[in-house]
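> For reference, the structure I am asking about is given below.
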């Protein structure tokens, strides 16, 4: 029987570390003094529930009630950019300290709800086990580190004018709070007040154990059973290892084993390791492990919708109670930390559902004009270069994003090119000032068909929806995609060079960066053509990539040297990704094969073009060559030739 009687409110999950401007007698503002919570709606984009959750106002009321009736210590740890308090609540009077942080990411609500239930049980329960916990431990809980992001059900805090040059700033939204815990960065230089709050709380309470609650996308294990929770402990670089840090890692692994056992005590619970990655100190897990605290990351499936909400809250609550009981009575140290290594690795990322294409487009929307078919004697490389110079990297609000119907017309027109119906394709795209080009490359003699906007014009595009090439007589079935074509990146030129070297079938070059075409998108959100739910690039790619074919995205990393990081957007990587990684290494290129936790943030697990390719049972690959390779013609030609020889 569970230890708690569930309180009348729920709280949003996601572990966040907040800013502490605190003192023992700090005044507690009333709930009504804080900004009102946003209206709960369903987030159809990522499957994360926004109903059935505790509002910010109700959370504050419950915290004040627990303080007034049950003696919970309540502190104002910091203030968000929109003026909401980041709260810290404490229970117990023991000599050892545990810190629980939840909802660093605003769209990861389950942990926050569980943290409130956990706090309620610890404060109100009177069983011998709970009395022992309060006697042995002082437990601090930050139930909602990112209240502004939670109000909008998005990952970042709210800082729409953040500098896009700083780490993990999403202009129009804000900053990822879980990328600024690095102890080498002075707290006064941290741009996210929520992160400052957590860092200062950690310094103040000096916990021996930190439990960091998060949400993740959907993964399945080897038997295709949905993974409900993933667990990770700190990674400390060998040069930074000390006896204190080694002991903290061992302690964290003992806690991880207990949490894994708790998850699998439920017949429907399936646990995995969260990929441990490198010893980078950006995240809370590694940063506080580096400080000598046993820090455990607890990631739960968060995109299962409202029906999955309560099971995940219960799962996190039970894991918290299991660990806290064992820490209080000392039995945690009877656990063999080596058992953590046997927790299964994370499986295939499948998104909110098994990958599937969005609703297909009708054959025609009935909007046709009289199109042009123009003969052009020019290399595809030169055409792509011209396209990149006509795409403006900033000023995205000046472009009109395509509607679903318009994007479908581009996709259908590309399909008509594949079928040899050139005039029909030209008529379909004529209303958008697009034409069909019959391209003869004077250098190679290859012939291509292309959809191009305003081919006789100069200067910035009016629409900027993309440039799409089909080669009817190609010897390779590969589709090459360049998602960020601006003149400073050169990734689109590398894509064009590989297209030529491989004699590939299709080359799809995205257009301008504009607001994402999503109903819930903020008007200032920049476009990401790999994640926008509707774009001309995505609709054309759906027509271009077929079963068994390779879809190669050429992006760009901000790395120095000659590195070529890559991913298949899956965990574990596909055989083709493993082969490419090995071959590039043999060719002298430093590589980094992403496995959802290594290779920094080059995951592409949210890349819709990757998911679309997988849904058609194609082979997706994404490469991120460093600027040292992309920036010169000779270096690009060399890599293009190596890739063509491999693929």
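Cβ from N, Cα, C; glycine included.
Caution: TrEMBL annotation is automatic and unverified by curators.
According to TrEMBL, the protein carries these features:
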type	residues	note
ACT_SITE	299	active site, proton donor/acceptor
COMPBIAS	30-45	compositional bias 'Low complexity'
DOMAIN	52-327	domain 'Peptidase M14'
REGION	30-52	region 'Disordered'
> Using a 10 Å radius around its CB, how many other CB atoms surround the residue listed as 'active site, proton donor/acceptor'?
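By my count, 24.
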> Please report the DSSP secondary structure of residue 299 (active site, proton donor/acceptor), reduced to three states.
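The residue in question, residue 299 (active site, proton donor/acceptor), is strand (DSSP, three-state).
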> Mean pLDDT for the domain 'Peptidase M14' (52-327), as a whole number?
94
